[in-house]
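Colleague: Just passing along the structure, written as structure tokens.
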Amino acid sequence: MFGKLTFDAIPYHEPIIMITYIAIILIALCIASTITYYKKWKYLWYEWFTTVDHKKISIMYGILAFVMLFRGFVDAILMRTQQVVASAGFKGFLPPHHYDQIFTAHGVIMIFFVAMPLVIGLMNLVIPLQIGARDVAFPFLNNLSFWLNVSSAVLLTLSLGIGEFAQTGWLAYPPLSGIKYSSGVGVDYWIWSLQISGVGTTLTGINFLVTILKMRAPGMSFFKMPVFTWTSLCTNILIVISFPVLTVTLVLLTLDRYFNFHFFTNDLGGNAMMYVNLIWIWGHPEVYILVLPVFGVFSEVVATFSKKRLFGYVSLVWATLSITILSFIVWLHHFFTMGAGADVNTFFGITTMIIAIPTGVKIFNWLFTIYQGRVHMHSSILWTLGFLVTFSIGGMTGVLLSVPPADFVLHNSLFLVAHFHNVIIGGVVFGCFAGINYWFPKLFGFVLNEIWGKRAFWFWIIGFFLAFIPLYFLGLMGMTRRLSQNIDSEFHMLLCIAAIGACFIGIGIICQVIQFFISIKERRHNLDLTGDPWDGRTLEWSTSSPAPLYNFAIIPKVEDRDDFWRNKEGQHYNKLINSINYHDIHMPKNTGLGFMISIFSLFFGFSAVWHITWLCILSFLAIIISLFINSLNEDTEYTISAEEIKKIEHQYWKNIQKAGLK
């Protein structure tokens, strides 16, 4: 009845796993008890779980990212500590099979459940506001996409205490991920977590792509769009093209494991290297899916806090488009050692070097924007400056790895690990932190505490260099990835320095938690009354903070690239107050079907992992029926009256006048 699921699936003999899992259960029970005690379930259901408001969904993506960041960071600390202990001549506290699970989970969590939610959360908040829209094109899909990501994160977490996770590395290369060498459920957990999350991300890509193409404010041509919107457009083009490749690749691996097909086996016509090509055809665009939106963040931040128009806007746009195209023809640099031949390696090495050119163009544009600007050293600018240094180092080492002979020496070493952490942490994570500090008041109506924000930055940047620069040297010394036992003692000192760096990053995370708590506590002293705390340039700053449900009482008409900045000259606000005629606004209704479909998806994924056929069929049918019911629903909107809008907007204008703005 329960397929392969038995009580033996619970790892009673692993004290670290059991203690961790019990702690997770206790924390979940405490949260549920607190919500019950304060009678907040109804509030959460109607205001959050069922919401289709892009701003609230953005907040929920951020919560998911920070919860999973804690899990991923703990995994990183465990791995680094194990390596330090093992390099000192001891066995350590993590057996190889447990270390390999942590190693795999760390990569999956940080890419799919930290970086992606942070990036998608920022796009959710900013895109509709920047283009003058009231919401995204498909509000229900937005809700569904989020909850699919949550269900896949829960499925991954279940593997910690029920069964095991994959021991293959985060990309699960065959034949190791095949049924012959990984006969347990670990790879199946990996497959279905990524599959459900990937479907949600694909729906997000379609949603944002249509939103940008079809819902821009009147007059906002492509070359009047803010750079963040441009980078988001290119990102979602990449999502729509590349994520179906991941979906198909996972389907083929599933057929190999479940039905004894031979797509990626070493016999009967299979080809394991086809999998490696397919996974990286998705995997390298994924790097730019993560990094392009934060390029947009930095573009907005440097222009705002330098009090200047962005230098080289057109070149930035073309550089973004160039990266979008080139990102599909560089994937083979991840496996020069495969043996494709000198000509193939040379081609992909050259394309990899070429893609560094538009990235370099962007960096110079940001530097020239800052040059001779009246720079306000806000924490967002600090994260940007930190990015410029760390990402440049990561980019240079990436160009070095694009040379096939050098890659043959450095492939699979810690040099490579240092490189991609330079890019992902120094680029994506720093960029998301800059964006959070920058756009936070637009969500919550008050600014974040700058003192603790800057402390967090300095601990992060110092910890980052201590944690990852030693890895370059370890890679050059010959230390490979995935080592957990019998590590050469000559690596011990540098591993200790890297571990100290990880502790500094941990302190940085604690500073960020303190920053949020202090900001909430002192919010009455840091209110953003005008909706424009940074003297911004783009449309999101033309509405109140927090932005109202409808975003804009009147859809703006755009005449210039920095239209809001230009309009603020003279008597802009007074003109608006005297000229607005309000009308009823139709907004999308909340729906609980997205949440329900995610529950059914969780049951489907769990039953597929454990071969519980009846539950798998029932949950799949429930998903189809739920989607069918949603398609029949015609009562999808409600009306906000003109009187209510007028009341909200007049309060905003009073705040504007109190601030002395004209």
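Every residue number used here counts from 1 along the chain in the order it is shown.
Heads up, the Cβ atoms here are built off N, Cα and C, so glycines get one too.
Given the structure is predicted, the values throughout are model-derived calculations rather than measurements.
Residues or ranges marked as transmembrane segment by Swiss-Prot: 15-35, 59-79, 190-210, 233-253, 278-298, 310-330, 347-367, 381-401, 414-434, 457-477, 494-514, 587-607 (among others). Annotation source Swiss-Prot lists topological domain 'Cytoplasmic' at 36-58, 128-145, 211-232, 299-309, 368-380, 435-456, 515-586, 630-662. What Swiss-Prot lists as ubiquinone binding site is R71, D75, H98, and the listing cites similarity to another entry. Positions annotated as topological domain 'Extracellular' by Swiss-Prot: 80-106, 254-277, 331-346, 402-413 (among others). The heme b binding site annotation in Swiss-Prot covers H106, W170, H421, R481, R482 and rests on similarity to another entry. Among the features that Swiss-Prot reports, Cu(2+) binding site is placed at H284, H333, H334, with the record citing similarity to another entry. Positions annotated as Fe(II)-heme o binding site by Swiss-Prot: Y288, H411, H419.
Tell me about the setting of these features in this model.
Modeller: Mean pLDDT for the topological domain 'Cytoplasmic' (36-58) in the predicted structure: 96.
A simple way to gauge crowding: the CB of H98 (ubiquinone binding site) has 20 other CB atoms within 10 angstroms, across all the protein chains here.
Note on the topological domain 'Extracellular' (80-106): residues 14, 16-17, 71-72, 156, 159-160, 164-170, 172, 186, 190, 467, 482-489, 491-492, 495-496, 498-499, 502 of its chain, located 6 or more positions outside it, place their CB under 8 angstroms from a CB of the stretch.
Neighbour density for H106 (heme b binding site): within 10 A of its CB lie 19 other CB atoms from the protein chains shown.
For the topological domain 'Cytoplasmic' (128-145), the residues of the chain that approach it from at least six positions outside its boundaries are 50-54, 57, 120, 200-201, 203-204, 206-208, 210-212, 214-217, 220, 225-226, 228-229, 442, 538-540, 543, 547, 550-552, 555-556, 558, 585, 587-588, 591, 593-595, 597-598, 630, 636, judged by C-beta separation under 8 angstroms.
Per-class residue totals from DSSP over the topological domain 'Cytoplasmic' (211-232), listed helix then strand then coil: 13 helix, 0 strand, 9 coil.
Listed as Cβ neighbours of the transmembrane segment (233-253) (distance under 8 Å, sequence separation of 6 or more from its ends, same chain) are residues 119, 123, 172, 174, 177, 187, 191, 194-195, 198-199, 201-202, 204-206, 208-209, 212-213, 225, 261, 263-264, 275, 278-279, 281-282, 285-286, 288-289, 292-293, 320-321, 323-324, 327-328.
Through the fold, the topological domain 'Extracellular' (254-277) approaches residues 173-175, 177-180, 187-188, 191, 195, 331-332, 334-335, 338 of its own chain, all at least 6 residues removed from its boundaries and within a Cβ separation under 8 Å.
Residues 111, 115-116, 119, 122-123, 171, 173, 226-232, 234-235, 238-239, 241-243, 245-246, 248-249, 252, 320, 323-324, 327-328, 330-335, 362, 366, 384, 387, 423-424, 427-428, 430-432, 434-435, 438 of the same chain, all 6+ positions outside the transmembrane segment (278-298), place their C-beta atoms under 8 angstroms from a C-beta of that stretch.
According to DSSP, H334 (Cu(2+) binding site) is assigned to a helical segment. Under a cutoff of 8 A between CB atoms, and with a sequence separation of 6+ in the same chain, the neighbours of H334 (Cu(2+) binding site) are V276, W280, G283, H284.
In the three-state DSSP scheme, H419 (Fe(II)-heme o binding site) falls into the helix class. Residues near H419 (Fe(II)-heme o binding site) in space but far in sequence (CB under 8 A, at least 6 apart, same chain), listed by position: G394, T397, G398, L401.
Sequence-distant contacts of the topological domain 'Cytoplasmic' (299-309) (same chain, six or more residues past either end, CB-CB distance under 8 Å): 226-228, 231, 316, 362, 365-366, 369-370, 373-378, 380-381, 383-384, 434-435, 438, 534-538, 561-562.
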Colleague: Could you give the Cα-Cα distance between H106 (heme b binding site) and D75 (ubiquinone binding site), in whole Å?
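Modeller: Counting only the Cα atoms, the answer is 6 Å.
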Colleague: Do at least three C-beta pairs under 8 angstroms join the transmembrane segment (310-330) to the transmembrane segment (347-367), pairs 6 or more apart in sequence?
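Modeller: Contact criterion met.
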Colleague: Please list residues from the chain of H421 (heme b binding site) whose Cβ is under 8 angstroms from its Cβ, counting only those at least six apart in sequence.
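Modeller: Set apart from H421 (heme b binding site) by at least 6 residues yet with Cβ under 8 Å, we have G394, A467, F468, L471.
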Colleague: Take the transmembrane segment (59-79) and find every residue of the same chain, 6 or more past its ends, with a Cβ under 8 Å from one of its Cβ atoms.
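Modeller: Result: 48, 94, 99, 102-103, 105-106, 109-110, 113-115, 117-118, 120-121, 124, 146, 149-150, 153, 157, 436, 443, 484, 502-503, 505-506, 509.
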Colleague: Please report how many Å separate the Cα atom of R481 (heme b binding site) from that of Y288 (Fe(II)-heme o binding site), as a whole number.
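Modeller: Rounded to a whole number, the Cα-Cα distance is 23 Å.
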Colleague: Is the transmembrane segment (494-514) packed against any residues at least 6 beyond its ends, judged by a Cβ distance under 8 Å, and which are they?
Modeller: 69-70, 73, 76-77, 80-81, 83-84, 87, 433, 452-453, 455-460, 462-468, 470-471, 473-474, 487
Colleague: When the topological domain 'Extracellular' (254-277) is classified with DSSP, how many of its residues are helical, how many are strand and how many are coil?
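Modeller: Per DSSP, the residues of the topological domain 'Extracellular' (254-277) fall into 12 helix, 0 strand, 12 coil.
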Colleague: For the recorded heme b site formed by H106, W170, H421, R481, R482, which further same-chain residues have Cβ atoms within 8 Å of the site's Cβ center?
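Modeller: The surrounding set, listed in chain order, is F103, G107, G169, V417.
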